[in-house]
Amino acid sequence: MRTATYFFIFLNLSLAMFEEPAVYPLPFLVTSVLEVLCLLVFLGRLAHFATVTLHSVFWKDTKNICIMVAILLSLTDLAIYGVLRVYGVRSIRWSRIVRPIFLINFAESRQIRRAFRSIRNTLPEITYVFLLFMFSLLMFSLMALKLFGERNLQTAEGLPYFRNYLEIVFDLYVLVTTANSPDIMMPAFDFSSWYALFFIAFVIVNTYIFMSLFLAVVYNNYKKHLKVMLGGGVA
């Protein structure tokens, strides 16, 4: 039963690769039949749980409620999409976002559920570090606007350089990953080599300090919550 459940969960998640828009598109009839088959298997597995569990316990378990709601939403979306397709109206399968619910909420997925709970419990504790990082990013962006916004500098493509605050925030956010380094620095560096100090300071503070701190906080808190759950035997 566990192997069969995992197989149909994997099949249900894999349908996204073959539904429009897809890299390997299959006819709508094929994907819809496979999805209905998966949903029927999930419904049968849920009915099996209901037969071996007290009704009061079954209906109080939020995992079962989530699975039933996900099945209902998927069937509703599939029916609406099929009707609109018949009339030639293009639409989006919005129910794809609920498919991971099946992976998390079945009893066979206890370890995945524990990991998901650990991630959820870790998020509030890393909020403070994330806010500090965002504050640093916004302050450096404001400094960049003041330093370069009035220099009438241009990028290699001839576009205005560091004159729009929101674009500066995005460019410096990308710089945290060093994906646009050193291209983002070159117009200012060509104007004056001293401006390189600004970008060096930004990378040191945000990439090497904040990202390392962020990773350490995430890892330690995740490990702590996971140990608590494993020790407590939370399902």
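Cβ from N, Cα, C; glycine included.
Annotation source TrEMBL lists signal peptide at 1-16. Here TrEMBL flags 5-224 as domain 'Ion transport'. If you look up TrEMBL, you'll see 26-44, 65-84, 126-145, 194-219 marked as transmembrane segment.
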For the transmembrane segment (126-145), give me same-chain residues lying six or more residues beyond its boundaries with a C-beta closer than 8 angstroms to one of its C-beta atoms, as numbers and ranges.
162-163, 165, 168-169, 172-173, 176, 198, 202, 205-206, 210, 213-214, 217-218, 221
For the domain 'Ion transport' (5-224), provide the mean pLDDT of the predicted model.
88
